[in-house]
């Protein structure tokens, strides 16, 4: 069966959609940016860093004497800093992202000339995952979250005005300004709405980029597993047992195995580099994820303010999703690479010649150490790690509830 044009076209559409999202953040193309895009990138990075500095001033000048204000401001500051790091990481490691992008856009399809029914199922499955990631993180999660955080304060103020309650000036986040926010309320509201939307989009799109690329790596690992399982097919077995064209058959098996090993070597290389790139972020996520999840959960449960409670509830959900995404990435990558060992055992290796058997044994030894995403090597990101983060958050939450005296 020759290369499936329909499946490939759908997959490439998702690749191009991802590149469209990245281009709106001035991260794509990875090389050869115009001066306008370079200016856009540095301006965006400056705005995110500036907002982080603003929140630092807010914490120091207005929050240190108030426990509730500390836990109110800290998660916002943490997310801004994380967003700045994510944004800079993609740009500074653009050579890696370019290699991965080009591999799955062009090179993957050149190295595979034939597809089995199992391959088609694999491509279709991971294309759906790719599609779901692009739409869920950006369209179904980020845009509604932006709408809630930026529009809800205004709606609530209009409602309170109509029912005759004392009107309070609500804002998307609590920032410090060297002037009276009341006199410049609309300017402040527009600034905070814009920055809230920008930070959420940067956070979501950079996460979508990493999740999508890990999903692509998992897809190719599964395709490699299919290739190994069919390394020695029934026709090859018949030729070997009947000693018919035996030399040509073994050479064909070696050729297919060499192609598989080259592809696995490339995947191991980019997975290792991606692990190094994301290691700092994952370490910060593990270290502060429990704290920020705990603080947002505590805030929306104890604050006697409808707007703040709703705002931090959605903040809490977004943080849970962000941590879960990274743990699922690591779990999926480990599981997919471990399945290669099973594929080698199912490859009818008994019919191979001695050289092929030795090569398969070496490949089997390489697969004993699965591809992983780690927090700078300190711990493996997987669902067990997510469970530990949630457990730590719950313990901190109970501690805060115990010591907090309103």
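Just so it is clear, glycine is given a Cβ too, placed from its N, Cα and C backbone atoms.
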What range among 91-113, 114-136, 137-159 does TrEMBL describe as transmembrane segment?
137-159
Here TrEMBL annotates transmembrane segment, and of 184-205, 206-227 the range meant is 184-205
Near the transmembrane segment (44-64), which same-chain residues lie under 8 Å Cβ to Cβ, leaving out any that are not at least 6 residues past its ends?
25-26, 70, 72-74, 76-77, 80-81, 83-84, 87-88, 173-176, 195, 198-199, 202
Look over the recorded stretches 70-88, 137-159, 184-205, 283-303 and say which has the most C-beta pairs under 8 A to the transmembrane segment (15-32).
184-205
Outside the transmembrane segment (283-303), at least 6 residues beyond either end, the same-chain residues with a Cβ under 8 Å of its Cβ set are 68, 71-72, 74-75, 78-79, 82, 85, 309-313, 315-316, 319-320, 322-323, 326, 375-376, 378-379, 381, 385, 389-390, 392-394, 396-397, 400-401, 404, 406
